[in-house]
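First up is the structure itself, then whatever we jot down about it.
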Amino acid sequence: MKGRIPIRIANKRAYIWDVDDLDKVRSEHHICGLLVGTLPHLSQQNVFLGLPAQLTPEEATLLVEKEYAVFVDDTNAYPEPSLSQFQQWNAEQKRYIEHQRAALESENVKSSEVAQLVVSEEAVRKRKERELRRQQKALELRRLQEVEGDGAVHAILSQPIPTPSADVQALFSDLRPTTSSAPAQYNICIAASSSSLEWYSPESCSYSTIDAARTAGIWDFPSNLQDRARYGVFKDLWEQGYFLGGGIRFGGDYLVYPGDPLRYHSHFCATVIESPTHTIRPMEIVAHGRLGTATKKTHLFCGWDDEKKTVSYVSIEWAGFG
């Protein structure tokens, strides 16, 4: 099982937690999965998602059957840690908390220093403005005394000190403190993968075949005719080199892409037919044909023969007559 991609199984759902493994299954094995995790710093968690990636039952079964991956019973892969292991983990957590606390205190000290600097610059600016107003007042008094005498000087002294003109204020504009509009910085703790824990032991909980995983009770796909039909169609299209994604938004079971969905639009919307003798109503044919044409796709009926283990395809498009 060395070199295979670990697929973690929890509640009979398949997940890939490592970004390198996800890149490998997408670039080498044409399996996309669906990101279902959250990302830090994002207020809305419904557009851009992160790890883990959840695989459909068809994708997970195909990877194990082709010997590209193994199933790992994630629930039982974490035995009870020993006392020494727990103490070591607890000590590492305390060291990490102390490191975060020291970093936060350092940020607070820097913030207080910046605040003091802003206050000191404000005080210097106001003091210089007051000094400038006194100098202007004294200069006006001297000029008025030379022209009109002491009576006019007394009248000027009784008036309030004028506010500096716009030109004078412009001289001190460079001394005014600037407020930063950048948001406050804070730390986010992103824990390491739990597989890095010392007591993590997946060796006894790994299964390289579907039968072994079914016997262990962690996997039961495919379990009926519908599951076998879906998997048979998925596998057949995948072996032809297509990428497949969910097709429920377009009225089908799968969207069939000629290449990576990040680069190509889907060409087909596939619907799985469980049996060659399954009845299809004319209304279904019309509905799928019109819907496929409206979304610029060809609708594909994929008939599964459970006895021969083969798939037959019929494509339909809406066409105008007359």
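Using the three backbone atoms N, Cα and C, a Cβ is placed for every residue, glycine included.
Because TrEMBL annotations are produced automatically, they should be read as predictions rather than curated entries.
Lifted from TrEMBL, the feature list:
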type	residues	note
ACT_SITE	Y257	active site
ACT_SITE	H265	active site
ACT_SITE	K297	active site
DOMAIN	5-74	domain 'TSEN34 N-terminal'
DOMAIN	230-309	domain 'tRNA intron endonuclease catalytic'
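H265 (active site): 12 other CB atoms within 10 A of its CB, across all protein chains.
Helix, strand and coil residue tallies for the domain 'tRNA intron endonuclease catalytic' (230-309), in that order: 26 helix, 22 strand, 32 coil [DSSP].
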